[in-house]
Each structure stands twice: as C-alpha cells, then as structure tokens.
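S.K.: Below: one structure in structure tokens.
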Amino acid sequence: MMMLSKSLLSAATAASALAAVLQPVPRASSFVTISGTQFNIDGKVGYFAGTNCYWCSFLTNHADVDSTFSHISSSGLKVVRVWGFNDVNTQPSPGQIWFQKLSATGSTINTGADGLQTLDYVVQSAEQHNLKLIIPFVNNWSDYGGINAYVNAFGGNATTWYTNTAAQTQYRKYVQAVVSRYANSTAIFAWELGNEPRCNGCSTDVIVQWATSVSQYVKSLDSNHLVTLGDEGLGLSTGDGAYPYTYGEGTDFAKNVQIKSLDFGTFHLYPDSWGTNYTWGNGWIQTHAAACLAAGKPCVFEEYGAQQNPCTNEAPWQTTSLTTRGMGGDMFWQWGDTFANGAQSNSDPYTVWYNSSNWQCLVKNHVDAINGGTTTPPPVSSTTTTSSRTSSTPPPPGGSCSPLYGQCGGSGYTGPTCCAQGTCIYSNYWYSQCLNT
C-alpha cells in the first residue's frame, strides 16, 4: 500500500498458557518454484490466495504473531507479505522496533531483540503455520523510513536514490544482512526489491537497470528463493490511457517483467486513489496477465482494495484474476486481527478483519472457489459503485480533465472540480493526486 500511518508497535501482554500449548504441526515444506505461469508451493502447482500483513513484522509479543498466522493459515491463505524494512535516521526510544539506522558517518543494522530478531520470529512462526512470506527490502514511501531515510543520510532525492552510490551500497549491505538470515528457510516465498518503487519523471530505463542489477545481486546471495520487483504495475501500453497505464512514474511493467533475474511480476489496484471506477479493475488485471503471459512468467495481484462495499467490488476482481491465464495468485490489502488482550492490529480503510462478513466473502468464499468449491462471489453491480473520491469513468486518454482526487501522474494539473491541464497549485505528494484548491 502506498501510504500508511506511521506508528511503531510497542510490546503487548504476555502469551496465555493455552496459546503456548496449542502449537501447530508444520507440514513437510520445500522452496517455492515456478511451473509455467503458476507456482509450486510445497509440491502443489496451482493458484494461491494470500494477504498483506505489514504490521506483523513489528509485533513484539510472539503470541500475537502466532495467533495472527494461525488465523491466516486456517482461513486457507498460503502467502503473507510482511515488511522487511524499518529504517530510521535517529535512535528510537527503548522498546521501539527498528531494523536499520542510516547515517553518512556510519550506518547500523540492528540484529538485536528490538531489530531483526522480531523478523526472525515472524519467519519461524510462518514455518510453524505452513505459510510463505514475501519480504520487500525498502519502501518507496516514507512509512517505516523508506527511500526518504536514505536521502536524509546520503543526500539526493527519491529519483536519484537509484543511482546514488552511497545509498545503493548501504541498501545492498542491508539486503545481504536480511537474505543471509533466511536463505535456507522454506518459509520465504520471494525476496522483493522494494514496495512500490517509482522514479517520477525518470526514464523507465532507470528502474529497469536498477532492478536488473539488484535482482542479480540477490540471486548471487541466495539461489533457493524467487525474486520479484514489488511494483504497482504502472506503465503499460495495452490499456485505455488512464493514469495508471502511463509512464510518468518511471516504470514500464512489460519491460520490468521481462528482466531475466526477476521470476514473476507484481501489480496493485486502488481505484479510490487512482481516479478510476471499480469495474475498471478487471481490465487492469487482464492486461497485466497478458504481459506476464508474454514473458512466460506468473503474475501476482499483490495488493488491492476498495473502500466502498469491498465484497461487491473486490470479489469480481478475484474471479477475474483466478480465471485469467497468466495469473498465479492474489493477495488482498490488508489483514486485520484482534489479539488475546483485546487490542486490534493496525488498520486502514481497506482492512479485512478476521471473522467479519468481508472475511467470509473475500477470504473463505475465494479460497473455496480456488479449491473447486461451489461458492459464487457476488456479481458485478449493474451500476458502478465508486468512492466519493472516484470518477464514474476512467480519465479519458489524452484528455484535458482528470477527476478530482484522481492521480495525475506527476504532471501539472489544477482545478476546482477536476484536474485540468495547467500548473499544479496543490499536489498530494503521497499519491501524486490533484487536489481541490
């Protein structure tokens, strides 16, 4: 997800005796491999369903990790995406989790109890609960540090980060530290170069060259696991010309998925932030599946969410993904859970809470459909339901007006009711959005 509230999770209450006793029995596990445009997970080739749980990496109570993973696994989900980064520039207060402190005078990778040892337990628990993890190394956004923390330490900006020698040297040191800890763990589904990498206004060659070099480096460290980019799928010539299909954010999905040292493609979908309607997402899935099919690799629909009527609007995306050649799996944003002490996990408007009606629709029903069950997701509504921040139709290709709050791809746009071509007066940095002025 692009932007999350910044919060470092503090310690929770101790585990109950019952939770300590009820330990799952892990099945025989193996490294994930690829078979055509699908994945082989522990000897079974097919389509998988998964979720995102970025906050799982920062839980200090092991019982909370175990209960969350128990709920995810028992729901039939196979893969969980967790953050593998937590970058800071100054020493946090005691008890707060941080993985890396970045400084031009000497950076520190935290392997202590308030550092990578918390991620150690996440990997251990995933092994126990028969789950696989996708772990990104850096965030494009400033949540949990991200590229901005590197910029604070080594200078430059978010676009020069990809070619900044000092920043890239430290990034690779961190990659090596993380990969070396888990290179032999069958709980790792894939290493991810970053969460939603962008290079606004850059040639798409910048990210292609960076992704090629870094993915080759990761492969040199670990030949057991898959590697992927972690991009949103922005930049694709086969779409309708709406903002997400354009190349202003410096990414070219078709080029990226063709990189030999990347094993599969990823893409995300957020109509509420992109100025598109919900049904538009079905075509977005199909065009990316076609690009992956052309590359001979699987696509993973890695993040998606709808702020309004999630069951009605997201279930058709799941059906489209499941039934489209080239798709290997999907992972909704994001999992929500309640811990033994009654506290709830971090959440946002897209959260699907365990045991909720949306969980029944988007998790249990979807898993049943994958496993050949008879559960039928709700049909696409005959009338398009959109957020108040969403246009009823995608922005017209090459037009002079994009919907209010629709992303304008970094170009100069302004206007009281829509993004009209001109000079940008107020832009939302996080989502490249044209806002009301």
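Just so it is clear, glycine is given a Cβ too, placed from its N, Cα and C backbone atoms.
Annotations for this protein, taken from Swiss-Prot, read as follows:
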BINDING   E196, P197, R198, E232, W274  substrate binding site
DOMAIN    400-435  domain 'CBM1'
CARBOHYD  N157  N-linked glycosylation site
CARBOHYD  N184  N-linked glycosylation site
CARBOHYD  N277  N-linked glycosylation site
CARBOHYD  N355  N-linked glycosylation site
REGION    377-399  region 'Linker'
SITE      R198  site 'Important for transglycosylation activity'
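Describe the structural context of each listed feature in the structure shown, including burial, neighbouring residues and relevant distances.
M.R.: Taken residue by residue with DSSP, E232 (substrate binding site) is part of neither helix nor strand, so it is coil.
Here the domain 'CBM1' (400-435) has a mean pLDDT of 37 out of 100.
Listed in sequence order, V151 are the same-chain residues six or more apart from N157 (N-linked glycosylation site) with CB atoms under 8 A from its CB.
The 10 Å shell around the Cβ of N184 (N-linked glycosylation site) contains 11 further Cβ atoms across the protein chains shown.
Taking all protein chains in view, 20 other C-beta atoms sit within 10 angstroms of the C-beta of N277 (N-linked glycosylation site).
Same-chain residues at least 6 positions away in sequence with a Cβ under 8 Å from that of N355 (N-linked glycosylation site) are not found in this chain.
Residues near R198 (substrate binding site) in space but far in sequence (CB under 8 A, at least 6 apart, same chain), listed by position: N140, A158, I207, D231, E232, L234, E249, G250, T251.
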S.K.: Ranked by the number of other Cβ atoms within 10 Å of their own Cβ, which of the binding-site residues E196, P197, E232 ranks first?
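M.R.: By the 10 Å Cβ neighbour count, P197 comes out on top.
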S.K.: Between N277 (N-linked glycosylation site) and P197 (substrate binding site), what is the CA-CA distance rounded to a whole number of Å?
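M.R.: Their Cα atoms are separated by 24 Å.
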